[in-house]
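Right, one structure below, let's go through it.
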Amino acid sequence: MTVLFTGLARLALRAPRRVLGVATLLLLVAGVFGLPIAEQLPAGGYDDPRSEWSRSEQALARDFGVGGISVVFTVSAPGGVDSPPAQAAGRRIADTLQRSGVVDEIISYWSVPQPFSAPLVSADRHTGLVTALVAGSDGQAPVRARALAAELGGTADGVRVQAGGQAVAMDDINRQSRQDLIRIEALAIPFTFLVLVWIFGSAVAALLPLLISAFSIGISTALLRALNQFTDVSIFALNITVALGMALAVDYSLFIVSRYREEVAQGAPREQALRRTMATAGRTVTYSALTLILTVSMMLIFPMYFMKSIAYAGLIGVSMSLLGALVVAPALLVLLGDRIDSADLRGPVRRLFGRAPHPPRRTPEQTRWYRIAGFAVDHAVPVAVLITALFVLLGLPALGIKLGYPDDRVLPDAAAARQVGDVMRAEFRQNVAGTVRVVLPDGIGPGDALDRYAAALSRVPDVTGVSAPDGIYVGGNRLGTVSFGSGQRGDAAYLSVATSRDPYSAAGKDQLAALKSVPAPAPVLFGGLAQRDQDNVAGIVGRVPLVLALVALVTFVLMFLFTGSLVLPIKALIMNLLALGVCFGAMVWIFQDGHLGALGTLSTGATFAAMPPLIACTAFGLSMDYELFVLSRMREEWLRGKGDTRRWVAMGLGRTGAIVTAAATVMAVVFCAIIASQVSFMRAFGVGLTLTVLMDAFLIRILLIPAFMRLLGRANWWAPGPLAHWHTRIGLREGEAADDQAVGESRLPATDSSGMASS
């Protein structure tokens, strides 16, 4: 692999303008091609295509031509739902939906006879409902629902019409995600620039990582659009691509630029400095990126295309960030030359406070990180016990995690779908959204078996009615021959079970179990939101052990290849689990339990089931970046055999503390910008990743690792003889510097009194 990095350095040195010209051309083409992507990606993809709910939907579409995504219109009138203006509005909505040609199963308060229309009117009788199913995919149905909402919504003759339901919620999420993307970039770019100026001092050096992030994001969005031509990709993949692209491109470029400036500051010619940079820092970021690619790719195991989309985003975003750092950044460094240190913005600030414009260079022993590591080593037992206890305490709320799936409540209260959903939950006695579909694909046979089954279902507690092909059943009795939401063709049939229970609640799940316990005359498939929620949570939870096992295996193998130890990989896994525990504890405490006002979102009492594995896969990969960087330095000191455990631990951290905390600060700034998202689970994702990165860099790497390294002593590097011999032949290292640079020589930017890299 050394040949690869030498070749990349040679390419940048020989043809920097050509490299940048090609990169610019690619970025322009990608920008034009990828620009429409936000309008093309849907907000769906949460469903397991092999689940019972999905099979019930497929049977309905195949056997009865029934299917689509729900849309709900609320019609509110001061004179009540029976006033002439309300009746006219209700009929107009139903007629328009019927003529649209893209809507099925229209059910209206004004077309269903009494008493069967009772679930479609609010308790105060001022609001009535018109419900329907909009045909089309996750991408088509929301667009059609938006057009219908624009045509039918508004206020006329004192009657207010609002559109909601799942199709409108998906459209609202699409639009909100596009707005959030702009908000994330508007916050992340200036704050990241300020942090980079604080790190580098030079505005030019600070701009370089941002240019690499622009390259990464531009190419990545084009690749996402190309991928969307062949498979489904969720809108949230775009947000994740932008966040990871910015965070990692800046992170990787930070390693490259810092190492290059350090080599130049030590007197190396710029050509030699670039070769050394690529042989060391280039190799480091490559291994870091490969680790993250492997861990994020584990999300491809989940069946939902929402989860697969995040994996696509990670694979593309990380790869393009690495490409930018290894190819574009070196070319920029060559072209800039001495100008990389120009436009010093930190010097005037230092003069303002009476300090020298350029801080003196310090040896590793003179840094604060060396002193902190020494403190942790000297007080290893209390440091290890106290910090571990703190992490366990902060992670305790995670024990109460309740997994569920999102509905309109993930949106801000100004969203139309959220407003309609709030009205339905607050003002209607029956939860129309909670209707359970019961599909019998074949085998019901002749006779009255289906009628008896419908009657038995109607006797389940809190079932307000069962619509069957021959009528509606309430409390075991048929109340007439009127029927809607049901049908029969030959040996196949479907029923609709109306309920007063919230499908996302524990009571709703208990009722679903009670309905399933009723003996059926033929094989049966259950649909509806309660079944959908249950199936999709199970589809994630059932695969989590495999995903975590593979992530742990990848982490273990890479750690062994880097360190030659069987002990350090186990320790790394434990450290990562502690950080994740704090992350999940905070998510549950804030967003599930509603503390701190749920950070401006609505707590539903459940955590989106996709978030824990999503954060775990991402965080494990990110933490390996710092883990390998710190341990590789400690191992160098240990291999040199100079000093005791305290010496090689403190020296390792003295060489790496500045760059690790700088990189973590930049990454945390980008992830903090995600917290500005108005979609609640994306806000939770931002909080989770920010906490994980900060805890990992500022507590685990700086205090907990030195303490545990001291407690384990020489056992840190233990491995059985055959494995140790195998490691000497194929083990990975951060990279030997070019031109016979001595092992253990400082490979980090010097640090000023703030502990950050300086020029």
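Glycine is treated like the rest: Cβ placed from N, Cα and C.
In TrEMBL, annotation is done automatically, which means it is predicted and not curated.
Feature annotation (TrEMBL): of 23-43, 191-211, 611-631, the stretch labelled transmembrane segment is 611-631. The stretch in closest packing with the transmembrane segment (233-257), judged by the count of Cβ pairs under 8 Å and taken from 369-396, 611-631, 652-676, is 652-676. Taking residue pairs at least 6 apart in sequence, the transmembrane segment (312-336) and the transmembrane segment (540-561) share fewer than three C-beta contacts under 8 angstroms. Outside the transmembrane segment (312-336), and at least 6 residues removed from its termini, the chain residues within Cβ reach (under 8 Å) are 5, 8-9, 11-13, 16-17, 19-20, 23, 204, 208-209, 211-213, 215-217, 219-220, 223-224, 227, 233, 236-238, 240-241, 244-245, 248-249, 251-253, 255-257, 260, 270, 274, 277-278, 282, 285-286, 289, 292-293, 296-297, 299, 617-618.
For the transmembrane segment (573-591), the most Cβ-contacting stretch among 285-306, 369-396, 611-631, 652-676, 682-704 is 682-704 (pairs under 8 Å).
Count of Cβ pairs under 8 Å against the transmembrane segment (611-631): among 285-306, 369-396, 682-704, the largest is for 285-306. With Cβ pairs under 8 Å as the measure, the transmembrane segment (682-704) is packed most heavily against 652-676, out of 285-306, 369-396, 652-676. Cβ atoms under 8 Å from those of the transmembrane segment (369-396) belong to residues 578-579, 581-582, 584-586, 645-646, 649-654, 656-658, 695, 699, 702-704, 706-711, 751, 755 of the same chain, restricted to positions at least 6 beyond its ends. Taken residue by residue, the domain 'SSD' (206-335) breaks down under DSSP into 117 helix, 0 strand, 13 coil.
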